[in-house]
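A quick write-up on the structure given underneath.
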Amino acid sequence: MGLLEVKHVNKSFGGLKALTDVNLDVAQGSVHAIIGPNGAGKSTLLNTLIAKLAPDTGSVTFDGRPLVGMTPHEINQVGVSRVFQTPEIFGELTLLENVMIPAFARRDGAFGLHAWNQVMREGAIREKAMALLAELKLDGKSHVEARHLSRGDKRRLELAMCLVQEPKLLLLDEPTAGMSRADTNRTIDILKEIAGRGLTMVVIEHDMHVVFSLADRISVLAQGAIIAEDLPENIKGNPKVQEAYLGGAHL
Amino acid sequence: MDAIILQVLNGLDKGSAYALIALGLTLIFGTLGVVNFAHGALFMLGAFCAVTLNVILRASFTTIDETRTDFLGNPLKVETPYVEYWFGPEVGGSIIEWSVPLAILFAIPVMALVGIAMERGLVKHFYKRPHADQILVTFGLAIVLQEIIKAFYGANPIPTPAPDAFSGSFDFGALVGFDAGSIIYPYWRLVYFGFAAAVIAGVFAFLQFTTFGMVVRAGMADRETVGLLGIDIDRRFTFMFALAAIVAGLAGVMYAPINAPNYHMGMDFLVLSFVVVVVGGMGSLPGAVLAGFLLGILESFASMAAVVTLLPGINQVIIYLVAIVILLTRPRGLMGRKGVME
Amino acid sequence: MLGLGAKDTRLFLIVIGLTLFAPFLLNPFPADSSLAQFNAGYPDLMQRFVIFGIFAIGFNILFGLTGYLSFGHAAFLGVGSYAGVWMMKLLTMNVVPAILMSVIFAGLFSLLVGWISLRRSGIYFSILTLAFAQMSFALAYSVLTPITNGETGLQLALDDPRVLGVSRTEAGSIPLTHFFGLEMRDGFDWTIGGWVFTFNVGYYLSALVMVAAFYVSIRIFRSPFGMMLKAVKSNQQRMLYTGLNPRPYTLAAFVISGMYAGLAGGLMVAMDPLAGAERMQWTASGEVVLMTILGGAGTLIGPVLGAGLIKYFENIFSKINSNVLHQWFGFLPDGLEDALVFVVYPFVGKGWHLTLGIVFMLVVIFLPGGLVEGGQRIGRLFRRGRSSSSKHERTAATPSSHAAE
């Protein structure tokens, strides 16, 4: 049984069917990539996992627990973190604060009224946050406000914010979009390293170089339906997939 | 039954004012995305357009009539307004008497200029700033505007009468077949309602049947796309702001005979008009108008003696109470669209 | 010191110094000079400085940190005032129970209002708080007259029970408010040369409370809780997907700021045992908004400065009449003198609101960080003038100025 199980999920917007009977089974410790042409429903699928959208029918089970009906912060608290397509960070706060906040959320739960002790004296949390910033090579900017970062740095910051929570499942929505080749390669290395430690990941990605460097398994989504699910090497040769990608030019 | 009709009628004039102000607020919010806390001040400026015209028309010179004496036996001083001197007492007198309706003509260019100056000089720079900043800066502007008026006209209300022809009341009850005297209604309030209805109809017709209005409606539905179409949004924004200012100003002009204008009347109406906009649904023009009249009438019902004895104080709080309930149960208001200010 | 960082300690010491020596600082002109009317060092006004300072500090915890703009905070101050007067009517003229009760009642009321209003954000939140405050105002004037004494306002009377005190003094008057025997009105004048400095018990009690309130606000700003509130303002989406529930954080901030308002209301009646509904009107809520923004929302010291400035304007600046102006410009030729007086007059005296409105607009447009940001900018100009290697300091200065946006 997988860590994350998506069963028969359907979602429509008005008359438009965005997801049709989607099934997904993500094994513990694996990296599962979801690929597909633009508008295939990849982000919609991710959104149904974290209660950003409620599926019309179907079930999502994580670690034996149903996720449908939970609030976003509850889903995070059971161990699901997400990196968004456009980085969602706290722009007006420093990098260090950005990473400390999720660390507090991990320690204190959804709400903790620590109005008297001082942030900068929270040694353990601070060290943990600094360690992650260092790991993602952002420690030199720890006192810079996050909104001043480059797009690539913002993505890595968001990744640090997710990792500091030590999630059981990490959802990545195009983690390298808009990055330079060098930045992309660096991100791949980081993600590989994390995957090596046994963290389960679901990755949405357009860049096939990234997908084939990381994924243990690939699901192909086209027009809201899973048209193939297999090992990376088998996906490359799958005619259905090549058709979906208009002759497989991308592969 | 006649009591109910009376309350509906009583609610109409306030409801008309709410609807007109809320309409302008919604136009500005819907097209420009700006929360204008100075809109009440525009209403107040309109009312003072009526006051100003009245003062101007009454400007007079003094002559000494040797043939008559005052009670001290001195020659009588006679004040003759210039208009009476120029046009003769007949015409001049009625010009003064009709100063409030005439002020409409005076207020339109004045309010248009005020609106253009406000948009070009201030509001324009706040399109991209957070709503809180827009609220704050227009709140500051409202203070400035009302203090300017206070500096000119003082703090006391200035009675500004309606033309004699409309100053009385009439027996609405007898007119529609109830007992004579059961529903007595002042003429001017009916005029006000009719005027408001005409202005509202005019604004809607303008938006419905002109190309300009079509662009504006498209802009309210989807601002970004219209911007992408290469339509010169800037000039239209200025125009919309001026239009909204005129609507608020006209509402104020005609309201002057109902309640003598004072410098803080704008703030009083602003708070309620915002509640009206929120109840109607932020960004919905029909919602604003509907909610304006509904709340005006509801307020009037709540002040009925029977209701007040049953629920003391309800007349004071009914509008706020409705707003709270609506906001909590229907966050988009009565007719609001999805995604506005959420 | 007291668990604060070096910078905060310095700020805190400055605030302590300013409040302690306020009777001197605010009375720079000799008592018989023509400028004596600009002296602000009399007890009534000094009390108002610190009491409204408390009000603004509390408001800033909500608005400055979370960005939720409440237009109804005066209601909590009003509720606090009523609760305080009732304590004096029923229990004792000692101000401690009165102030405690003010804080408690304001806290409970803000819990109710916040719990409902915080279901919405942005302008909807502002309208909800406004609606609640206007409702409280209207009810205090009408239905709640048995509790609030309507338009007259709630006052002490000779036949109040005052279980732990006396209903009337031996001289037959209403007893005075006191702090364990130390009467609020007490104080002494110290005359040095032409100067008269007044040291008043009520002021020093209020100042002490304000210093404590200021200390608490520094602690909150620097705490994980304060950081979470900034996160609420910055990005609620990210907060949700980080496993945090923004609602209890904003509610806690709302209640804390409501309790600060209650504290201010309690102190007000401790100085002058009278509570009226007009304290709850939305213009009163607007005033605390003005104070906070003017001084610098999201900064520690800004709200106190803003409160002081507005109260100074209201009480001192408003006294400048045309006679004073003629005196000032008297050295000029007559025509010029009259022209200048004519131009300046609308902005001073009774027209001080006009100046306030203009200054406020300028601040919102050009200085989103308020006077504090203005001060920082000037300070930076000077520093840049002296040494060009102040790059480090400049980056260090940004967080506080941006926190205000």
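Glycine is no exception: its Cβ is also placed from the backbone N, Cα and C atoms.
TrEMBL does not curate its annotations; it predicts them automatically.
With a threshold of 8 Å between CB atoms, the same-chain residues lying at least 6 positions outside the transmembrane segment (B:16-35) that come near it are 42-43, 119, 123, 126-127, 131, 134-135, 138, 192-193, 195-197, 199-200, 203, 216, 219-220, 223, 236-237, 240-241, 243-245, 247-248, 250-251, 255, 269-270, 272-274, 276-277, 280, 282-285, 287-289, 291-293, 295-296. Among the features that TrEMBL reports, transmembrane segment is placed at B:16-35 (among others).
The annotation transmembrane segment is assigned in TrEMBL to B:42-61 (among others). A Cβ distance under 8 Å defines the sequence-distant neighbours of the transmembrane segment (B:42-61), meaning residues of its chain 6+ beyond its ends; these are 17, 21, 24, 79-85, 95-96, 99-100, 102-103, 106-107, 110-111, 114-115, 145-146, 149, 153, 158, 160, 244-245, 248-256, 261, 263-266, 269-270.
Packing against the transmembrane segment (B:95-114) from elsewhere in the chain are residues 42, 45-46, 49-50, 52-54, 57-58, 81, 83-84, 87, 160-164, 242, 245-246, 248-250, 252-254, 256-257: each is 6 or more residues past its ends and has a CB under 8 Å from a CB in it. TrEMBL lists B:95-114 (among others) with the feature transmembrane segment.
Per TrEMBL, the feature transmembrane segment maps to B:192-216 (among others).
Taken from TrEMBL, the feature transmembrane segment applies to B:236-257 (among others).
What TrEMBL records for B:269-298 (among others) is transmembrane segment. Packing against the transmembrane segment (B:269-298) from elsewhere in the chain are residues 7-8, 11-23, 25-27, 29-30, 37, 39-41, 43-44, 142, 200, 203-204, 207, 220, 318-320, 322-323, 326-327, 332-337, 340-341: each is 6 or more residues past its ends and has a CB under 8 Å from a CB in it.
Taken from TrEMBL, the feature transmembrane segment covers B:304-328 (among others).
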Does the transmembrane segment (B:236-257) reach the transmembrane segment (B:192-216) with at least 3 CB pairs under 8 A, where each pair is 6 or more residues apart?
yes
By Cβ distance under 8 Å, which residues at least 6 away from the ends of the transmembrane segment (B:192-216) in the same chain are close to it?
12-13, 16-17, 19-20, 23, 27, 31, 226, 231, 236, 239-240, 243, 247, 250-251, 254-255, 258, 285, 289
